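Heads up, the thing below is written out as C-alpha cells.
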Amino acid sequence: MQTLQVDLGERSYPIYIGAGLLDRAECMVPHLAGRQVAVVTNETVAPLYLERLSQTLAGHELTPIVLPDGEAFKHWETLQKIFDGLLEARHDRRTTLIALGGGVVGDMAGFAAACYQRGVDFIQIPTTLLSQVDSSVGGKTGINHPLGKNMIGAFYQPKAVVIDTATLATLPERELSAGLAEVIKYGLICDEPFLGWLETHMAALRALDAAALTEAIARSCAAKARVVGVDERESGVRATLNLGHTFGHAIETHMGYGAWLHGEAVAAGSVMALEMSRRLGWLGEAERDRGIRLLQRAGLPVVPPAQMSADDFLGHMAVDKKVLGGRLRLVLLRRLGEAVVTGDFPHEALQATLDTDYRTLMEQISH
C-alpha cells in the first residue's frame, strides 16, 4: 500500500492506494467520527462491493443509501434521497458518509456531507479510474443544473481517500478510457515526462496491468495533491486542472448529461485546447499531435459532436465557473507540461478553434 498526503494544515488527509483496501479496516475506522456510517453508492456498484465494505465495518451502525447510476441523476432529486436516508435512520452530527462509487457518487455524497446538519465527515472510496485519479481528491463536491455542469456545490474535504485498485477489474472498458483522459491531463499540464511514460505503458494500462495502473494513479494523485495543497479553492493554479473542461462541459451539457462520459468530453475538449494553443503560437503541430495521438491510443473520442455549432459552444461556455467579470478564461498550454489560465486571447483564435474541422484534422494526423 502507498500513502500520499493532501497537505491542508488541520484538514490534511491521507490517500491510500493499493489492491484489496476494501478489506482493510485500518484505512477507514480511524477516520470515522462515531458508530454511525452511511454508505452512499449506486445500483451498479452496490452488488459488487457493498457487502464487502459492510463486513469490513462490522460493529458500526451502517445505513446503505443506493442511488440510480449515472450522470443523468446528478441533481437535486437524487441528493434529496441521501438526506432522506440519513434522516429516516436518525443519523446525527457524528455520522460519517462513505462515498462508494465513481465521480457522481463521490460528488453527491460529498455535497450531502457538506450540507447535512451543516457538515458531517465523509470518506471517499472511488471505484472508477476517473474518480481515483481526479474527483475523489481535492474536496470539490456538487450537482449539475440543467444550464450548467457542477454549478451547485461546495468545497468540502474528505477525511481520507481509499483507492482499492482491484475495483478496476470490474470497470467497463469505456469507463477505463474515460479515466485515462484525466491521467493524460496531468502529463499535459504539469508533467511532460509523464507523457513519455504513458506513451510507453498505454497498452499495459488498457490491459488492466496492476503495476502500471498503480503507478499512473499514484502519479496522478500526487500531482493533484500538490496543486490542491497550494490552491484549495481554485483562485490560481488549481484552475489548470480544468484543461479541456470548459469545452468538455459544454459538450456534456449540450448533449445531455450522461450521453458522453465526463472523461470522453474532457478528451475532445483537450483536443480543442491543444488546437487553440497551437493557433496562439504556443505549441507546434508536432506537440499538438503528440497530445492528440495519446488520447486516441487511450480509446477516447478526439472529435467534438458534429451537431454542435460554434454558437452552441459559446452559449454553454458563457455559463462556466472560470468566467470572471463576464470574461471567459480558458486553460491552455504554453508548452507540453505547462498550463496557463488566461482570458487574454483574441476572440478570432477561439472562433477558429471552434470552426476547425476536427474530423479532417484527425485524418491528416493519422497519415
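Any Cβ shown, glycine's included, is placed from N, Cα and C.
The Zn(2+) site in Swiss-Prot is built from Glu182, His245 plus one of His201, His262, namely His262. DSSP gives Thr128 (NAD(+) binding site) a coil state; it is part of no helix or strand. Put simply, His262 is the one of the binding-site residues Glu182, His245, His262 whose Cα lies nearest to the Cα of Asp69 (NAD(+) binding site). Secondary structure at Glu182 (Zn(2+) binding site), as computed by DSSP, is helix. When Cβ neighbours within 10 Å are tallied across all protein chains shown, the highest count among the binding-site residues His245, His262 belongs to His262. Ranked by CA distance from Ala72 (NAD(+) binding site), the binding-site residues Glu182, His245, His262 have His262 at the top as the closest. Put simply, Thr128 (NAD(+) binding site) is 12 Å from Glu182 (Zn(2+) binding site) when counted between their Cα atoms. For the Zn(2+) site, the Cβ centre of Glu182, His245, His262 serves as reference, and the other residues of the chain with Cβ at most 8 Å from it are Leu130, Asp134, Ala181, Lys185, Asn242, Gly244, Gly248, Gly263, Ala265, Val266.
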